[in-house]
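To start, the structure itself, in structure tokens.
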Amino acid sequence: MYTGMLTALVLAGVLALATTDSYHPDEPGSVRGMVRIDELSASFWQEQAQAIVKRRAGTKTGPAARNVILFLGDGMSVPTLAAARTLLGQRNGYTGEEAELSFETFPTSGLSKTYCVNAQVADSACSATAYLCGVKANQGTLGVSASVPRSNCSASLEPAARLQSIAAWALADGRDAGLVTTTRVTHASPAAAYARAANRNWENDASVRADGADPQQCPDIATQLITEDPGRQFKVILGGGRREFLPSHVLDEEGSNGTRTDGRNLIEEWRSDKIGRNVTHSYVWNREQLLSANATLPEYLLGLFESSHLRYNMLTNPTTEPSLAELTEVAIRMLQRNEKGFFLFVEGGRIDHAHHSNYAELALDETIELSAAVSRAAELLDERDSLLVVTADHAHVMSFNGYAARGSSVLGTARGSDRHGVPYKTLSYTNGPGFRAHVEGKRVDITKEEKYGSLQWMSHVDVPLSSETHGGDDVAVFAQGPQHALFSGLYEQNAIPHLMAYAACIGPGEHVCNNAHIIIPLSSLLSSLIFLILCR
């Protein structure tokens, strides 16, 4: 009876949803109620992840990671990687297929399984809870176990349901932490690093109230970032989303209104907190101010560069808005001053948004931008003590298809045509807003459209939807640095933070440092022997 009641509670919460994200409409989740009761607890997934760590680590020893950076390409499916590397090569004057993204040269690669407890295909919230907190959760929830149905405020307050992220593990060890994203800093992916919320859409107090919850009991995500640990301890926060921090009657620096209805200005509260702690700090909202902060490096840096998400790289003004590589460099320079090390989360978040809109070229370009950010990080950090991990949260339904000749534009049409003589694209989607109604049983010739090939021209699709969906494919994981070999093979997505923690000797569970005493390097033995001989 208990199992049936709890499963029903989970399903009831999943079905009572409020849609506020145009890219990610709420979905029903596990409609058959087939969720296992043990999967609702955090301990189930933590123990499973630790078993994966033990199998991979064994009794091996080796160097530990002082610094850890997790790069997340939101929606960066394997077809996206293949198409992006081809576009990169073609932009550089080559056939393209032989090109490599920066992280594709890393010595270790693997695959992770992205499903969530109540969903076959993940959203960015439950997946972020997996790869940042080490526990699989329900779709649409952040930083809480699967015992919390979506939008259930009271369930999210249960101590056993509330999770800690790897950023909190790093801070507890005396290291620093920060985040960089091209989305709102309160969006699902970065939010799992610091927030616990029964609904990913609770980015401001108004959205909490609109969902029938009390923001006094369940503070919104922006409030958690500024006023609660671990968010208030982050040394660097860079991304978009000014609107979530400002009252609705206040205009930001570029003339957009805030969304808060509680009258709070969280940017000013962030400043007040830093003044009260007597630490140097800087709030920036454009590229010039960011570069100035990069020269002076305050102890704390908050950068909010748009009212909502940062603009697509190909549609932005590079004189006013920084690139992802620039944001990453500033964050690393801020954090690497801590001798104990740091954890940094970097997200290329708009890959996902471009796919949702069937904007293939923009999705590939955002992937190339993430590659540039990874390259910049690899240049700035020593591979001997810095672990870099690159992965995705979920896939998308863009396919790389047809029989185009080697070197053909990856953004062009495939060789040949359909059985009606109508050409089709090498990159196409199974669903989304790019559907064109058939005429007399035939697809229309999209190559004749007036805006064909423009940046915001939507690729053709089979199933008409207002927004293209995620895919359930496994996603790639790439690793370089101490203990990188742990990330090979196929494993559950929630093992990723546990593997990183093992390599960095932070957080719960097994650590490589636990075995460090077993093997003494030969060089150390020789040095000790020579010392003893000389001192006789």
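Each residue, glycine too, has its Cβ placed from N, Cα and C.
According to TrEMBL, the features are:
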SIGNAL    1-16  signal peptide
BINDING   ASP74, HIS187, SER189, GLU347  Mg(2+) binding site
BINDING   ASP74, ASP352, HIS356, ASP393, HIS394, HIS470  Zn(2+) binding site
ACT_SITE  SER124  active site, phosphoserine intermediate
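Shown on the structure are the features that TrEMBL records.
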residue : record                                  : Cβ within 10 Å
ASP74   : Mg(2+) binding site                     : 27
SER124  : active site, phosphoserine intermediate : 30
HIS187  : Mg(2+) binding site                     : 30
SER189  : Mg(2+) binding site                     : 27
GLU347  : Mg(2+) binding site                     : 30
ASP352  : Zn(2+) binding site                     : 30
HIS356  : Zn(2+) binding site                     : 25
ASP393  : Zn(2+) binding site                     : 30
HIS394  : Zn(2+) binding site                     : 27
HIS470  : Zn(2+) binding site                     : 24
Output field, Zn(2+) shell: CB within 8 Å of site CB centroid, site ASP74, ASP352, HIS356, ASP393, HIS394, HIS470 dropped: HIS24, GLY75, ASP123, SER124, ILE351, HIS355, ALA392, ALA395, HIS396
Euclidean distance between Cα atoms of SER124 (active site, phosphoserine intermediate) and SER189 (Mg(2+) binding site), Å: 6
For ASP352 (Zn(2+) binding site), the one of ASP74, SER124, HIS187 that lies nearest, given that the recorded positions are compared by Cα: ASP74
Length of the line joining the Cα atoms of ASP74 (Mg(2+) binding site) and HIS394 (Zn(2+) binding site), in Å: 7
Spatial separation of HIS356 (Zn(2+) binding site) from GLU347 (Mg(2+) binding site) - C-alpha basis, Å: 17
